[in-house]
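Straight from Swiss-Prot, the features:
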| type | residues | note |
| --- | --- | --- |
| ACT_SITE | Y91 | active site, proton donor |
| BINDING | K164, N449 | substrate binding site |
| ACT_SITE | K164 | active site, proton acceptor |
| BINDING | E235, D236, D259 | Mn(2+) binding site |
| BINDING | A292, G293, T294, A295, N404, N449 | NAD(+) binding site |
Amino acid sequence: MTDPVSILNDPFINKGTAFTEAEREELGLNGLLPAKVQALQEQVDQTYAQFQSKVSNLEKRLFLMEIFNTNHVLFYKLFSQHVVEFMPIVYDPTIADTIENYSELFVEPQGAAFLDINHPENIQSTLKNAANGRDIKLLVVSDAEGILGIGDWGVQGVDIAVGKLMVYTVAAGIDPSTVLAVVIDAGTNNEKLLKDPMYLGNKFNRVRGDKYYDFIDKFVNHAESLFPNLYLHWEDFGRSNASNILNSYKDKIATFNDDIQGTGIVVLAGVLGALKISGQKLTDQTYMSFGAGTAGMGIVKQLHEEMVEQGLSDEEAKKHFFLVDKQGLLFDDDPDLTPEQKPFAAKRSDFKNANQLTNLQAAVEAVHPTILVGTSTHPNSFTEEIVKDMSGYTERPIIFPISNPTKLAEAKAEDVLKWSNGKALIGTGVPVDDIEYEGNAYQIGQANNALIYPGLGFGAIAAQSKLLTPEMISAAAHSLGGIVDTTKVGAAVLPPVSKLADFSRTVAVAVAKKAVEQGLNRQPIDDVEKAVDDLKWDPKY
């Protein structure tokens, strides 16, 4: 029998003051807890009151992590009852503070696996040790080179994997005993960390090239061998590594990169929701991306695939896309184009004034986009002039300033709504309160990846899918984009975070059905909805 102290220290089985008198007797816990036996809801209410006494968001997050480290059921029950309030604290943006201060704040490893680039021989044993006999179905891994908007944070980025898994569980209901957070410590190029005596990771510059990719390959092989029904989620890798890794494994295993695919899927869902409101077709739209990095190009790729799915040829679809970066409109003769940008760069010969298209305003005037999406982190770049220009040639311009945090957004939703006389269909990267405009409350959809990746992954896991295909991704986007209320003035293009659990199930069912339809399920499934519901974990004792 497990010794009593170990039971109280194991967050998977600890109930704290909710252990009954009979359980306390049986498990040897008599005298180790206060006399009162609490119901789970009593614990939740008490813990929430303690949470409310904390002042800063960082203090609140550290408190919640103490609960997580102690009692998973209590943590997730509390989180599920306060999703809207807790999401920005458990995850983005507050998680950035704990990542930047991880070494100074370090208390315990939170069940994560720490892989050292210099010790590939330890990959298998590390994963085994961290899993501790659990049946791992979902693994979130990061090398933390491109964390959120804050860059390279080395081993401290493990927090992003831990936080991501928390969202998976509260949104979709993945059992926390079947997930594992992994960080690959490949060094860091962050000088602040390299000079910090308290930094807990490897103190050398990032390893690149064959040694790095060989390590990744060994990791994938060991993970697949140890956990045969695995869904592998890559998080916050650097730009070049992210796409190389995804391209290497997406046709071999069920795998997903949130930075490349997640933002693309949720923006596609938002665009589909906007088009449902306006009654227009995607294949009639002209798309402009302001920002052509990992996120921007991930969105372009997703919408391009959807246009092809809707009947355009590959080349026809490409003509609907235009990229604007810091140097202006990107042209096909630019020697610095990335492999992702090259297929979508404009032909210089198509523009008489090509040399003058060196900023967003000029590009908008030349191209006349009907959809404008910002991932540039250049604040206030969607100007009144641009919004009014778009509103002049398209009835319902789709404008998504999704850079975050708020101070980096390309425009404020309220301004875009006002400048377009209420015509713009808006998505943002941060939560926005309802906006009163001409007697109506306009709801603003948040293009938050958390709307999509939990249901997407859960559906693939429920179907025991061998791969995550473009068709499954498209099914996810359509299921989310189909939730909008087209009868209501000011309806949001995406559903609210408050309904996260409900529509995560909708997404999961759509994805699982598509996997079964494509014959990708490892085991026969007669009833997809039942398979999804049977997998769902509820936080209860």
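Each Cβ is built from the backbone N, Cα and C atoms, and glycine gets one as well.
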So what sits near A295 (NAD(+) binding site) in its own chain, CB-to-CB under 8 Å and at least six residues off in sequence? D259, I260, T263, T375
Looking only at Cβ atoms, how many others are within 10 Å of the one on T294 (NAD(+) binding site)? 23
For K164 (substrate binding site), the spatially nearest of the recorded positions Y91, D236, G293, using Cα atoms, is Y91
Under a three-state reading of DSSP, tell me whether N449 (substrate binding site) is helix, strand or coil. helix
What does the structure give for the C-alpha distance between E235 (Mn(2+) binding site) and A292 (NAD(+) binding site)? Integer Å is fine. 19
In whole Å, how far does the CA atom of T294 (NAD(+) binding site) lie from that of the residue listed as 'active site, proton donor'? 20
Considering all pairs of residues in A292, G293, T294, A295, N404, N449, annotated in the record as contacting NAD(+), what is the maximal C-alpha distance expressed in whole angstrom? 18
With every protein chain in view, what's the tally of Cβ atoms within 10 Å of the Cβ of the residue listed as 'active site, proton donor', excluding that atom itself? 22
Listed in sequence order, residues with CB under 8 A of N449 (substrate binding site) and six or more positions away: D258, G262, T263, I265, V266
Between A292 (NAD(+) binding site) and Y91 (active site, proton donor): CA-CA distance (Å): 25
What Cα-Cα separation, expressed in whole Å, is found between G293 (NAD(+) binding site) and D236 (Mn(2+) binding site)? 13
Please give me the CB contact count at 10 A for G293 (NAD(+) binding site), counting all chains in the structure. 18
Quick one: pull the CA-CA distance for A292 (NAD(+) binding site) versus D236 (Mn(2+) binding site), whole Å only. 17
